[in-house]
Amino acid sequence: MTHQLHAYHMVKPSPWPLTGALSAFLLTSGLIMWFHFYSTALLTLGLLTNVLTMYQWWRDIIRESTYQGHHTTPVQKSLRYGMTLFIISEVFFFAGFFWAFYHSSLAPTPRLGCHWPPTGITPLNPLEVPLLNTSVLLASGVTITWAHHSLMNGNRKQTIQALLITILLGTYFTLVQISEYFEAPFTISDGIYGSTFFVATGFHGLHVIIGSTFLLICLIRQLFYHFTPSHHFGFEAAAWYWHFVDVIWLFLYISIYWWGS
């Protein structure tokens, strides 16, 4: 048995970043195949690879943090820095979509009819379904904060209740967003308006699904007594991510749904 004289976790070689990158490649390629050729084989393979990667990577992290005790205080501090940098990178990722939207909408070209929305586009009413979804996400932000405070106070029952409500709200948001896509009077192929609308809101919807999955894992871990008031970075990271998703949606709602209409 080896002994270490420092508090840092020396991570062993892991195949999951490689399989995660492979699954991302398969998913993007599969989406292209689905859009252009209506073939779902590559997309299904990408989804399967992604699910297997997530399961095994989460399994390893839970083993290292909960059962082997590798997530010491210095390690948790480094993980917080890493999560902060990841969220900052996501901010720049979405900044590109907002840039594309405002670049096109603030100075519309003659091809767009010199006005925004472009000629022939009927935008969605921001005071109907989009406002409902905004209320749902804001409510989920309240419930995830409730879950965090309950966990910090050692109230296991309320933590489980609040997490479950947050997951249900996230699922409801996703279902409403899907129904909105089906009922929208324009498509992703309807010029720059359709492209920016569906790509920006679609990637946000993907982040909601990822965040809901993250919170579902936290709920399962809470049921198995993995979290304590002083050791729950997995939950903390999920909560940060969920608040980030909330804030991005507010900017999307104000920019694309309200001002853009």
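Cβ from N, Cα, C; glycine included.
Across the topological domain 'Mitochondrial matrix' (1-15), the prediction's mean pLDDT works out to 72. The topological domain 'Mitochondrial matrix' annotation in Swiss-Prot covers 1-15 (among others) and is backed by similarity to another entry.
The annotation topological domain 'Mitochondrial intermembrane' is assigned in Swiss-Prot to 35-40 (among others).
What Swiss-Prot records for 67-72 (among others) is topological domain 'Mitochondrial matrix'. Beyond the topological domain 'Mitochondrial matrix' (67-72), the same-chain residues lying 6 or more positions past its ends with a Cβ under 8 Å from any Cβ of the stretch are 7-9, 79, 231, 233.
Nonlocal intrachain contacts for the topological domain 'Mitochondrial intermembrane' (106-128), taken as residues 6+ away from its ends with a CB within less than 8 angstroms of a stretch CB, comprise 180, 184-186, 190-194, 253, 257-258, 260-261. Annotation source Swiss-Prot lists topological domain 'Mitochondrial intermembrane' at 106-128 (among others).
Summarising the annotation, Swiss-Prot assigns topological domain 'Mitochondrial intermembrane' to 184-190 (among others) and lists similarity to another entry as the type of evidence. For the topological domain 'Mitochondrial intermembrane' (184-190), the DSSP-based tally of helix, strand and coil residues reads 0 helix, 0 strand, 7 coil.
Look at Swiss-Prot and you will find 224-232 (among others) tagged as topological domain 'Mitochondrial matrix'.
Residues of the topological domain 'Mitochondrial intermembrane' (257-261) grouped by DSSP class, helix first, strand second and coil last, total 3 helix, 0 strand, 2 coil. Here Swiss-Prot flags 257-261 (among others) as topological domain 'Mitochondrial intermembrane'.
Annotated transmembrane segment per Swiss-Prot: 16-34 (among others), in sequence order. For the transmembrane segment (16-34), the list of distant contacts is 40-47, 49-50, 52-53, 56-57, 60: same-chain residues at least six beyond its ends, Cβ to Cβ under 8 Å.
Marked as transmembrane segment by Swiss-Prot on the basis of similarity to another entry: 41-66 (among others).
Annotated transmembrane segment per Swiss-Prot: 73-105 (among others), in sequence order.
Through the fold, the transmembrane segment (129-152) approaches residues 158-159, 162-163, 165-166, 169-170, 172-173, 176-177, 179-180, 208, 215, 222, 227, 229, 232, 235-236, 239, 242-243, 245-246, 249-250, 253, 257-258 of its own chain, all at least 6 residues removed from its boundaries and within a Cβ separation under 8 Å. Summarising the annotation, Swiss-Prot assigns transmembrane segment to 129-152 (among others).
Tertiary neighbourhood of the transmembrane segment (156-183): same-chain residues 124, 129-130, 132-133, 136-137, 139-140, 143-144, 146-147, 150, 198, 201, 205, 208-209, 211-212, 215-216, 218-219, 222-223, 225, 227, 242, selected by CB-CB distance under 8 Å and a gap of 6+ residues from either end. Among the features that Swiss-Prot reports, transmembrane segment is placed at 156-183 (among others).
Packing against the transmembrane segment (191-223) from elsewhere in the chain are residues 54, 58, 62, 66, 90, 93-94, 97-98, 100-101, 104, 112, 116-118, 121, 123, 137, 144, 151, 156, 159-160, 163-164, 166-167, 170-171, 173-174, 177-178, 181, 234-235, 237-238, 241-242, 245, 248-249, 252, 256: each is 6 or more residues past its ends and has a CB under 8 Å from a CB in it. If you look up Swiss-Prot, you'll see 191-223 (among others) marked as transmembrane segment.
Under the heading transmembrane segment, Swiss-Prot lists 233-256 (among others). Under 8 Å from some Cβ of the transmembrane segment (233-256) lie the Cβ atoms of residues 61-62, 65, 71, 76, 79-80, 83-84, 87, 90-91, 94, 98, 101-102, 126, 130-131, 133-134, 137-138, 140-141, 144-145, 147-148, 151, 166, 170, 196-197, 200-201, 204, 207-208, 210-211, 214-215, 217-218, 221-222, 226-227, all in the same chain and six or more residues away from its ends.
Within its own chain, the transmembrane segment (41-66) has Cβ neighbours under 8 Å at 9, 14, 16, 19-20, 22-31, 33-34, 213, 217, 221, 226, 231, 233-234, counting only residues six or more beyond its boundaries.
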